[in-house]
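Colleague: Copied straight from TrEMBL:
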| type | residues | note |
| --- | --- | --- |
| DOMAIN | C:110-326 | domain 'ABC transmembrane type-1' |
| TRANSMEM | C:6-33 | transmembrane segment |
| TRANSMEM | C:54-73 | transmembrane segment |
| TRANSMEM | C:114-135 | transmembrane segment |
| TRANSMEM | C:147-166 | transmembrane segment |
| TRANSMEM | C:204-226 | transmembrane segment |
| TRANSMEM | C:256-281 | transmembrane segment |
| TRANSMEM | C:305-328 | transmembrane segment |
Amino acid sequence: MKRNLMTAAAVAALVAGSAQAQDLMFPVGEGDFNWDSYAELEKIDLDGEQVTVFGPWLGPDQELVENVLAYFAAATGADVRYAGSDSFEQQIVVDAEAGSAPNVAVFPQPGLVSDMAERGFITPLGEETETWVKDNYAAGQSWVDLGTFKGPEGNDDLFGLFFKVDLKSLVWYNPENFEDFGYDIPASMEELKTLTDQMAADGNTPWCIGLGSGGATGWPATDWVEDMMLRTQEPAVYDQWVANEIPFDDPRVVEAIEEFGYFARNDDYVSGGAGAVASTDFRDSPKGLFASPPQCMMHRQASFIPAFFPEGTEMGLDADFFYFPAYEGKDLGSPVLGAGTIWSITNDSPGAQALMQFLQSPIAHEVWMAQQGFLTPLKGVNTELYATDTLKKMGEILLSADTFRFDASDLMPGGVGAGSFWTGMVDYAGGKPAAEVASEIQSSWDALK
Amino acid sequence: MNAIAGQKPSLIWALRISVIVLVGLWLFPTLGLLVSSFRTGDQIATSGWWKALFPTEQNLTLRTAEPDAQVQEGDLWVIEGNLFEEGSKAKISAWGTNAREIDANGPGDTAELRDGSVLTVEEDGAYRLQSAEEMSGRRGPRVFATAVVPPEFTVENYETILISGGSTDNLARAFFNTLTVTIPATIIPILIAAFAAYALAWMEFPGRALLIATIVGLLVVPLQLALIPLLKFHNEIGIGKGYLGVWMAHTGFGLPLAIYLLRNYMIGIPRDIIENARVDGATDFQIFVRIILPLSFPALASFAIFQFLWTWNDLLVAMVFLIDATGETTVMTKQIVELLGTRGGNWEILATSAFVSIAVPLGVFFAMQKYLVRGLLAGSVK
Amino acid sequence: MHPAIQGLLTIAFGVGGCVGYFYLSNIILDTLIFPARGKEIARNIRRANMVRPWLFLFPALLALGLYLAYPVVETIRLSLTERLPGGGSQFVGLANYKQMLGEPKFWEALQNNFLWLLVVPAASTAFGLLAAQLTDRLAWGNIAKSLIFMPMAISFVGAAVIWKLVYDARPPGTEQIGVLNAIYIWLGGIEPQQWLTIPFWNNFFLMMVLVWIQTGFAMVILSAALRGIPEETVEAAIVDGAGPFQIFFRIKVPQIIGTIVVVWTTITIVVLKVFDIVFAMTNGQWQTQVLANYMYDKLFVARDWGVGSASAMMIMLLVLPILVWNVYNARREMR
């Protein structure tokens, strides 16, 4: 009886399993792509081997990544399958623990990679990849450091390759509104604060800030605090903060939280008043820029946010961004906050190794650059290939940053970076004193040790 | 039927009104969702759904046609047209060209723009933009209009979900996959539970009370805890991720409630019926098949509805036990979640998908409802 | 092969196998092992009757043991251990429980859970009974019933979206898109309220969502029970001149009290496990944490399996009174 069932299931699987070859977005050999690197990949022969990739992207993002992976499939003959999930973090843990992990997993946060590497679920990428990242990525050493974790035996190894980077230090605005009111783009944090005051004096609301994100409510505020941390302290202090070498309630951290409060806790500065900050959904809050009359003038958010602008918004015309500026009075250069996805091998196979090799070839970067929503720290790619001027401008900010730091909350342990830091910021936005919030976060961190 | 309250019309009215109020309260949130599913995301985010049914006054940001459309009239460069799409019945009550003052002008007024050109806008949205110099740029100037807009609905969301979103094939396959998951995952636990419930209700054996208590206790086991050990187990016995695994999982998770509900119903069946049958020499199997099953139909039907709903709406169990990295065995809920995109929260898609996925369970409910009729039990006692 | 045929085939295999088991095993028992004929007919029937309960129970016990009891044992083990880096684990006694009891969030969750346990089962059962009784007598009762049932067919996540739309607040001066705030403003409120962030009361706004869903469940089960009441008892009461309220409370309710208790118990257990609603709407912020969400947080966000398992044990502990009561009931019924 049971055998019958299994046969039926096997038949079902066979019938369903015939995949169609995907068309390539950009025909091989045409355009200014690095086709040499593609030809290099064609030497790998993986005829018919299945390579499974599991990641957090769904919907339109899923199409983008599938378009990129199609080049890997075309060059090597492998049968690449991408599956996405909105509960990726939970499912990859379940799958890995139970022994049905995909070949390659795409992690949105380094914290999870660190946990899984320690438990021996991830295959190290080896010296060669490490050297490649160091030599070929802008600020290469920092990308190596971010992908290096303790393995099951306690020694450090490179466990993940960063591919696809998001930029966080951006302020979005509506150029025509700026023109109507005669506002100029601020070049320094001092100017930004003056501009904020001027807007409030004109009877406008300067900022739209929304922290709401369902189960993840609070995370947009952590980005604010991190950006402020980089604008008030040395990068080294930032690193100590991330590693908890200075406590979360250190006065320097509290100062950064209060810098966020300067904007978010002033009723005159935020759309809806300070009380609305915590519960306004982050997806809704940028819509205020385009309302009639405008509900706010500026919105600080990462490079992905245009996806939530009203339909038909044209980048560069209806909306634009400027770099979230640094203090002129503090000599900290122009720091940039970012985040990115890490690709790791969770089930080693020749196909998985070859896929990693593919990610190190310029063509993989360029095909995604030429679509949308992709930034890369890889030097030597043809930046002319960025699909829009907006992306190109962001790519330039990324490559010209003198300090690049990764999203701190992603680097902190899950219980803090995806837990008490989020909830703490909600409490802070609700009126709790910064010092009190910070010491609560610190004690939750202590509990994890 | 109305024999009881028949003598008091006032009572009947009170009854009707209270039912209407109750239904209204329960329906109201869902109605909001239904209306929202026919609106665009921007509409949902800017005005209440109850206002979607009536003409509303809205603040709109519109644009004149792009400079490419200009024609030369003597010394002047002119663009003429209508701010609204053809066939729109919107009426403008005030307008402006600067975000500072969006209601500076009334219909028919003429305003001067920053670049020196002048714009006239009529009540119905017709405009005339004229300039002494040739106009340039990629787009026409903004016009902020305060207008009364008639209700407007779209079926675009349904198109996204049913047709364009991720190709029709996928949705059809997901639909059949979901049925393949839900039908056995509904029938198997009910069958197993019915036998077990009968044994727990009408057969005597040691340890019965303890077993009942254990089953109630198992009702609370949080699903999340069971996932890893069970998937590990499935991998070890070689069924991995697949239909067999997901049926077994749904059966296991649905059983305690099924047994609990059915046993409780069966224990209410009059003792005489069963004892008479026993005296007549019927075996337990015969009693179960010929008497208990038909008599328990309302209970079986109501549990079937719920088990069907849970498996139909389930995503977690399917993701863990069914959907493997190849993504071939996708289900409806997964398909819908994929449409929502990585960062989720598109109200219009969520609203629409809720209605698409509600259709089948609701059909099941209507189909099963006739089995919930009165008198099955009472009839057999007589 | 068309997916529909393929689906049908697999369905036939699955369901057929299940039916086959019960049918064949009974035949084998009655005709091969203990045949009800020949010299030992009486002994054989008695023996067969001793085995049969276990035949009936076997598949259920197997599934329950494997899918629920085994994870419970695993959970107990995990709650007493701590994971070591590089795999493996270490016995730590009650340290996880101690850590859990030291967290203010845990106490907040426990307190809220009690609030939920008081309100939701009572409200859902009451509304469900009301709906079942009222719609029973109406010509359009079935339509009314379907409409009340509808929320049941919407997934928890969908429900969370619907109610977020109800509770939504927009900045003062702009148009409200949340019904509740629109009504509040219309009634003369000045500042739109962020309903989900008002401590203590926001719990009730969340509970409302579950009551809205579970009423359909209570209604369906209770209406099946109401229809199971023999007509004679009701007719006899009418002949005796009882009013509708008397009939309802004195005749009908006592007859279905068993079912009412079952519905109450079931909803209580749903409440203990409620997670999706809180997760999707507030994630336990603004003092709305509940145990199931606390557990999820520990398991999948903090990835602390020890404390996560400990809080799962806490949830199971809360069901103990229901357990005891059911043992007591089952004993009484047996007599």
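Each Cβ is built from the backbone N, Cα and C atoms, and glycine gets one as well.
Where the annotation comes from TrEMBL, it is an automatic prediction and has not been curated.
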Colleague: Top stretch among C:54-73, C:147-166, C:204-226, C:305-328 for CB pairs under 8 A with the transmembrane segment (C:114-135)?
Modeller: C:204-226
Colleague: Could you give the residue numbers and ranges of same-chain residues that sit at least 6 residues beyond the transmembrane segment (C:256-281) on either side and whose C-beta is under 8 angstroms from one of its C-beta atoms?
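Modeller: Residues 113, 116-117, 120-122, 124-125, 128-129, 156-157, 159-161, 163-164, 196, 206, 209-210, 214, 217-218, 221-222, 225-226, 228-229, 288-293, 295-296, 315, 318-319, 322, 326 contact the transmembrane segment (C:256-281) from elsewhere in the chain.
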Colleague: Residue list, the transmembrane segment (C:54-73) vs rest of chain: Cβ under 8 Å, 6 or more residues beyond ends.
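Modeller: Long-range Cβ neighbours of the transmembrane segment (C:54-73): 18, 21-22, 25-26, 29, 316.
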Colleague: For the transmembrane segment (C:305-328), what are the same-chain contacts with Cβ under 8 Å, counting residues 6+ beyond its ends?
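Modeller: For the transmembrane segment (C:305-328), the far contacts come to 72, 75-76, 78-83, 92, 95-97, 99-100, 106, 110, 113, 117, 265, 268-269, 272-273, 291-292, 294-296, 298-299.
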